[in-house]
Amino acid sequence: MAAAVGRLLRASVARHVSAIPWGISATAALRPAACGRTSLTNLLCSGSSQAKLFSTSSSCHAPAVTQHAPYFKGTAVVNGEFKDLSLDDFKGKYLVLFFYPLDFTFVCPTEIVAFSDKANEFHDVNCEVVAVSVDSHFSHLAWINTPRKNGGLGHMNIALLSDLTKQISRDYGVLLEGSGLALRGLFIIDPNGVIKHLSVNDLPVGRSVEETLRLVKAFQYVETHGEVCPANWTPDSPTIKPSPAASKEYFQKVNQ
């Protein structure tokens, strides 16, 4: 893996940095130190070929909240078997589509296992979860067949989708073009195929499954009740009627 990541930093940068471990962000790995290593900020501002290695796929074409999610189709591992999977398979359901950098890494299995362990709670609210990386479906299966105590995934209750061509990651605006890896992008897509939420993390930090589930429930509540959800809303907390007069009911209740 060190060799693969090292290809991110070709030419002069490669003389200073031999690898970026997956527990460290690209920004941290290139932070100026006493030895005078070049900072990532300088690389990005220089317009050099090295800087382009860290650019993502064209942000001007990246999907946005309220827009329809880009169509995708590929081979996934579902219940230990290979299966064709597309966005059309989730019509009428909510979908959490989350991207991760690579199989057999460090933060990634913690996220995937956490989502898998909560799969039934997502199913209870008519929501499916799909994880995506640029690995092959064969790699996904090998990782699933690796015990968790050895960094593997074990039995999975969610689908792992292969994006070997990198087109899905590119279409969703999370592909790091130089390395060919995807950032930790997460998209909540409603039953009509519309993006309700998106977030993108740098490589070293995993995401909250509980927060993702809370957001799905919040969007569903708004659709069902026509009221809006305040900060830190949970299903047992009050909501707001979206009008100047009616909203006072909420503010009076929480500011007693």
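Don't overthink the numbers, they just go from 1 along the chain as shown.
Cβ atoms are placed via backbone N, Cα and C, with glycine included.
In Swiss-Prot, the entry for N6-acetyllysine among Lys91, Lys118, Lys196, Lys248 corresponds to Lys91.
Of the listed recorded positions, namely Lys83, Lys91, Cys108, Thr146, the sparsest CB environment within 10 A is found at Lys91. For the domain 'Thioredoxin' (63-221), the predicted model reports an average pLDDT of 98.
Distance between Cα atoms for Lys83 (N6-succinyllysine) and Thr146 (phosphothreonine): 20 Å, as a whole number.
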